Amino acid sequence: MNSSTSAGVYANGNDNKKFKGDRPPCSPSRVLHLRKIPCDVTEAEVISLGLPFGKVTNLLMLKGKSQAFLEMASEEAAVTMINYYTPVTPHLRSQPVYIQYSNHRELKTDNLPNQARAQAALQAVSAVQSGNLSLPGATANEGTLLPGQSPVLRIIIENLFYPVTLEVLHQIFSKFGTVLKIITFTKNNQFQALLQYADPVNAQYAKMALDGQNIYNACCTLRIDFSKLTSLNVKYNNDKSRDFTRLDLPTGDGQPSLEPPMAAAFGAPGIMSSPYAGAAGFAPAIAFPQAAGLSVPAVPGALGPLTLTSSAVSGRMAIPGASGMPGNSVLLVTNLNPDFITPHGLFILFGVYGDVHRVKIMFNKKENALVQMADASQAQLAMNHLSGQRLYGKVLRATLSKHQAVQLPREGQEDQGLTKDFSNSPLHRFKKPGSKNFQNIFPPSATLHLSNIPPSVTMDDLKNLFTEAGCSVKAFKFFQKDRKMALIQLGSVEEAIQALIELHNHDLGENHHLRVSFSKSTI
């Protein structure tokens, strides 16, 4: 055997000699060269690196050289894999692995010794891909490609602490194949999307790798299923829908993204909109400094953290100092009821969606206030959830302020206690990184989630507490497995908002202070 032939690659590891920087990178090939693989790694683990991107057709392990060659079924699959792993170094057994195109076009391993284990691993993977065998730990839905399976995925984003846009979804899901179309909408107070791949296999691998993963740390969880639809009909290219094969489509501002038959097939209302469409000052995609990236461990050892690169969000952050644009953490809150609103009340309410640092009610116009959040993303989240809600008989409006910070009054300046600094408050819900509170952020609703209830406090005690606060209690339920928590349903969303302001951190005795938040559930 000699390794000079360009048609195949043999067991001498010839590609390794080409890493000296004395030649340009190889052109795309379906054969990939892996270096620095751990000496005790298994064939299945190496195959798992390629599995999310398409069918793996051959494998050659050179354990003595800590190298391997992986052959994909198509050049397109290999290109997708390289594109994914270029910014994100894969790891096997906690050790970084380096991948590049081989200068060979295919693997020829028929007559080589010690190939039995590699072939057995390939056969096992082939059985999974053909639907005859499930992956260990995977359900039939995940591990097998069923006949006629749809290339369309239905995606639900839970715990939407930061805005997730069409561009962000495209960047994440493009790692697993060619994305043809995306439609985003809101249903049941949840941000959802339909995403169509060119091939059902791509949809299969994306679901396997991404279902249950977080886009950002401890929030924005992906829930992925196959759609009953087999294709999407996109009429407009805008921030809600996109057909990447038809760049000529109109923007269709204000038009529904789905045609009625498609909406009916999905069980969705006729008019669907992004939860952020029309929000004042909201740009289609924002890069958040807190975003540590999407972790994708579904294929053992294969995928490291996926950090959203600047390509999907370039030009979307506001210029520092620009007024009324994302990047500002100060909100202007208007149309408040001056007879009832206080800085503390605004601190408690806006604190549901982020850590409030300062609040200023305007001295000469007390129906207006400034609320400074910990960062721009929290300000955006609070604005999206609270603007338009009724509070003390008036419809609250929140927009991004032209101010970059709330100034404290100078010594001797008349203020009447209208400006408060809460930056060191013990009531901040999100001061701990990765706090579970990130996972329980929901829009205002008539049902409140109560927690930190001491054992001596009864259902009647809590119902009376809310009744005395002026609420009409419609239903109450302790959690079956944990009586420290309960749900209480009030007469309206406005009642619930006002009850949260008044009763969050209420002293229940026994060194227990009531914790109140909005619930996604009903009783």
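Each Cβ is built from the backbone N, Cα and C atoms, and glycine gets one as well.
The following features are taken from Swiss-Prot:
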{"type": "CROSSLNK", "residues": "Lys36", "note": "SUMO2 cross-link"}
{"type": "CROSSLNK", "residues": "Lys187", "note": "SUMO2 cross-link"}
{"type": "DOMAIN", "residues": "30-114", "note": "domain 'RRM 1'"}
{"type": "DOMAIN", "residues": "153-229", "note": "domain 'RRM 2'"}
{"type": "DOMAIN", "residues": "329-403", "note": "domain 'RRM 3'"}
{"type": "DOMAIN", "residues": "446-521", "note": "domain 'RRM 4'"}
{"type": "MOD_RES", "residues": "Tyr98", "note": "phosphotyrosine"}
{"type": "MOD_RES", "residues": "Thr109", "note": "phosphothreonine"}
{"type": "MOD_RES", "residues": "Lys394", "note": "N6-acetyllysine"}
{"type": "MOD_RES", "residues": "Ser425", "note": "phosphoserine"}
{"type": "REGION", "residues": "1-25", "note": "region 'Disordered'"}
{"type": "REGION", "residues": "406-426", "note": "region 'Disordered'"}
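Tertiary neighbourhood of the region 'Disordered' (406-426): same-chain residues 330, 343-344, 347, 356-363, 366, 370-372, selected by CB-CB distance under 8 Å and a gap of 6+ residues from either end. Between Lys36 (SUMO2 cross-link) and the residue listed as 'phosphotyrosine', the C-alpha separation comes to 7 Å. Within 10 Å of the C-beta atom of Thr109 (phosphothreonine) sit 21 other C-beta atoms, taking all shown protein chains into account. Distance between Cα atoms for Lys187 (SUMO2 cross-link) and the residue listed as 'phosphoserine': 35 Å, as a whole number. Under DSSP, the residues of the domain 'RRM 1' (30-114) split into helix, strand and coil as follows: 25 helix, 26 strand, 34 coil. The domain 'RRM 3' (329-403) scores a mean pLDDT of 92 in the predicted structure. Helix, strand and coil content of the region 'Disordered' (406-426), in residues and according to DSSP, is 0 helix, 3 strand, 18 coil. In this structure, the recorded positions under consideration are Lys187, Lys394, and the one with the smallest number of other Cβ atoms within 10 Å of its Cβ is Lys187. Take the CB of Ser425 (phosphoserine) and look out to 10 A: across all protein chains shown you find 15 other CB atoms. Here Tyr98 (phosphotyrosine) is positioned 47 angstrom away from the residue listed as 'phosphoserine', judged by their C-alpha atoms. Within the same chain, residues at least 6 positions away in sequence whose Cβ sits under 8 Å from that of the residue listed as 'phosphotyrosine' are Leu34, Arg35, Lys36, Thr89.
For Lys36 (SUMO2 cross-link), the number of other Cβ atoms no farther than 10 Å from its own Cβ, over all displayed protein chains, is 12. The separation of the residue listed as 'N6-acetyllysine' from the residue listed as 'phosphothreonine', Cα to Cα, is 75 Å. According to DSSP, the domain 'RRM 2' (153-229) comprises 22 helix, 34 strand, 21 coil. According to DSSP, the secondary structure content of the domain 'RRM 4' (446-521) in residues is 21 helix, 25 strand, 30 coil.
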